[in-house]
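S.K.: OK, TrEMBL features for this one:
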type	residues	note
REGION	32-55	region 'Disordered'
TRANSMEM	143-164	transmembrane segment
TRANSMEM	176-197	transmembrane segment
TRANSMEM	217-245	transmembrane segment
TRANSMEM	257-275	transmembrane segment
TRANSMEM	322-342	transmembrane segment
TRANSMEM	354-371	transmembrane segment
TRANSMEM	377-401	transmembrane segment
TRANSMEM	422-443	transmembrane segment
Amino acid sequence: MSPPAARQRYIANKHENNSLLKKPKKFINATLRRENEKSGAAKTNNRKYQNERSPESVNVNVGVHTAFKTFVSARLCSAICADISDCDETYNYWEPLHYIIYGHGLQTWEYSPQYALRSYTYILLQGVPGWIYERIFHPTPILIFYMVRCMLGFGCALMERFMYKSICQEFGVHIGRLWLIFQLFSAGMFISSTALLPSSFAMYFGCAALAAWWQQMYALSVFFMAIATLLGWPFAVLIGLPIAIDMLWRKQMFRTFFMWSAISAVTICVPMIVIDSSYFGKLTFAPLNILWYNVFTDHGPNLYGTEPWSYYIVNGFLNFNIIWLLSLLTPMMLVIDFIVVPAKTKSTLNFPRYITLAPYYLWLLVFISQPHKEERFLFAVYPLISLCGAITVDVYQRIFYRLKTLMVQIKAGTVGSHYLDHTMFIAILVMVIGTLLGLSRVFSLYRNYHAPMDLVMELNHFKNSNEYRSSRLYNVCVGKDWYRYPGSFFLPARNFRIRFLKSEFRGLLPAYYADDENATRITHPYFNDMNQENDYMYFPYENCHFLIDFDADKCTSLEPCYSKQSKDWSVMKSLPFLIQDKSNSFFRAFYIPFLTDSYTVYGNFNLLKSKKMKPS
């Protein structure tokens with residue numbers, strides 16, 4: 001006999017989805033039994049329910065409120081423990097935010113008025129709470145950094161709560177539960193959920209737009225998509241393209257689409273243009289500028305490095321392990337499912353799978369084809385990786401059940417005949433492997449790369465010592481490790497400045513905003529959009545009071561081993577940091593107890609203090 005028809009699965013999912021909106025119960029069958037008793041037709045409906053039920057032994061209902069609590073817990077862990085994985089986050093977002101709050105910070109060429117690729121509106125939207133916190137309580141800068149991070153994590157958890165509810169309603173509770181587990185223990189979400197980056201912001205609102213779309217809340221979907229694209233990242237429009245196709249072609253909702261597009265444009269673009277034009281001193285629409293630079297200029301982002309197509313394959317596995325591989329197989333598995341499993345009636349609520357999953361594959365198609373690749377470029381679709389992975393697992397279970405019915409002839413329609421009764425070991429196996437690999441990756445990231453953040457915070461001990469003078473300006477220098485610097489929020493007071501020493505790096509470094517009321521409007525001659533080095537950014541070595549340097553036993557004339565120059569420097573603190581080219585690629589990526597230490601090599605990340613302390 002064939003397995004239960006898709007229509008039966010759909011009705012069962014609908015019963016489960018309704019229970020999500022109420023107070024969570026432990027088992028779904030208990031909820032349905034109470035509803036049957038209230039209706040006065042318990043006996044009749046019980047027979048019908050037992051033919052369509054999900055298995056009592058494994059089908060634990062995770063309510064929306066419970067899921068939200070777990071998301072908040074996971075994202076707060078990320079806010080506290082995750083390191084800054086991309087120097088673009090430090091210099092293009094945390095540093096301008098530090099300037100807005102404290103009046104000094106590093107400026108990149110993207111914020112120069114002649115280019116105006118970045119939006120101050122985006123910074124203000126996420127930084128105003130930090131500014132208010134500083135004005136009222138006057139905390140140390142590091143507290144503002146973590147306050148903003150926790151706020152970002154909470155916002156991500158809100159998006160995930162909304163998305164979890166929509167997935168359970170559109171794709172079924174079983175897929176929703178799988179998605180929940182994959183999200184919670186994903187290393188990719190650990191990294192991206194609290195990053196101060198437009199791609200993370202686009203993830204918050206782009207995926208919220210998809211969740212609203214799946215619930216047929218079209219106006220809200222268009223508005224969220226406009227926020228993701230205009231305030232966040234212009235390339236997020238790729239996520240909204242299937243929504244537009246559905247509304248204009250499939251549903252012909254022209255009035256709703258264009259009316260809410262116009263409302264969104266006015267409510268978002270007008271304030272954005274006013275704010276950015278005020279900061280840059282000229283009429284500015286930053287999303288258009290960044291699109292022009294990345295798409296229509298001859299040099300564009302390729303100046304900052306190119307990678308082969310396999311870059312995202314490897315990076316996806318690091319951040320989502322087997323879930324990433326399963327997500328790549330989803331289209332093929334859905335075709336096999338359609339052929340092998342005889343049920344032909346749709347099992348989703350509102351949309352066919354080819355359009356609900358289109359944003360993810362459209363995103364991959366576009367960004368894999370681009371020569372310049374970065375990990376953060378995939379942040380916007382990270383929750384969709386978990387979703388497609390969950391769908392693939394569900395398809396595997398249905399196919400396995402189908403093959404089993406052909407072999408042992410399980411009688412469909414009797415108690416215990418639901419496909420989850422016989423295939424939950426597949427889901428549990430994938431969840432266990434994905435969870436272990438995800439936790440292993442998170443622990444490896446913290447263990448191998450967290451040293452710079454801990455090291456710079458050590459300057460707080462110097463600030464509390466008798467040697468510290470509040471009237472003095474202290475220069476904290478970095479050389480080859482400039483891209484590992486976590487930002488000015490980690491410096492203990494306003495009289496500390498980060499300085500760049502000349503190294504083997506030959507690109508364009510940031511420079512401090514000018515000491516002027518209209519510093520954001522000043523055009524500087526040392527900035528360019530060709531990533532060409534300028535000596536203006538370099539600082540005299542003899543004027544450094546502190547120096548942050550990674551000692552990996554590789555010394556050159558421009559990158560000496562400063563910690564060995566004992567006449568000039570004393571070591572304030574030293575922490576282990578992974579030496580990548582001397583460590584095994586697998587064991588440096590994933591922490592395996594009792595084995596990793598045998599295959600990885602660490603150097604010393606040092607905070608050095610000058611023995612001369614020359615004045616500025």
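Every residue, even glycine, has its Cβ placed from backbone N, Cα and C.
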S.K.: Going along the chain, which residues at least six beyond the ends of the transmembrane segment (143-164) come within the CB cut-off of under 8 Å?
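M.R.: Residues 64, 67-68, 71-72, 74-76, 78-80, 94, 97, 101, 126-127, 129-130, 133-134, 176, 179-180, 183, 189, 193-196, 200, 203-205, 207-208, 210-212, 383, 487, 489-490 contact the transmembrane segment (143-164) from elsewhere in the chain.
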S.K.: State the residues, same chain only, that lie 6 or more residues beyond the ends of the transmembrane segment (176-197) and have a CB under 8 A from a CB inside it; answer 'none' if no residue qualifies.
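M.R.: Beyond its ends, the transmembrane segment (176-197) has Cβ neighbours at 60, 62, 67, 70-71, 74-75, 77-79, 82, 84-86, 88-89, 93-94, 97, 126, 148-150, 152-153, 156, 160, 164, 167-168, 203, 316, 318-321, 323, 375-376, 378-379, 382-383, 385-387, 389-390, 393-394, 427, 430-431, 434-435, 438-439, 441-442, 445.
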S.K.: Please report, as numbers and ranges, the same-chain residues at least 6 past the borders of the transmembrane segment (257-275) whose CB is under 8 Å from any CB of it.
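M.R.: For the transmembrane segment (257-275), the list is 119-121, 124, 218-219, 222-223, 225-227, 230-231, 244, 247-248, 283-286.
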S.K.: Could you tell me what the rest of the chain brings near the transmembrane segment (354-371), counting residues at least six beyond its ends with Cβ under 8 Å?
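M.R.: Same-chain contacts beyond the ends: 170-171, 206, 210, 214, 235, 238-242, 245-246, 250, 302, 306-307, 309, 312, 327, 330-331, 348, 377-378, 380-381, 384-385, 387-388, 391.
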S.K.: Check the transmembrane segment (422-443) against each of 217-245, 322-342, 377-401 and return whichever range has the most CB pairs under 8 Å.
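M.R.: Answer, by Cβ pair count: 377-401.
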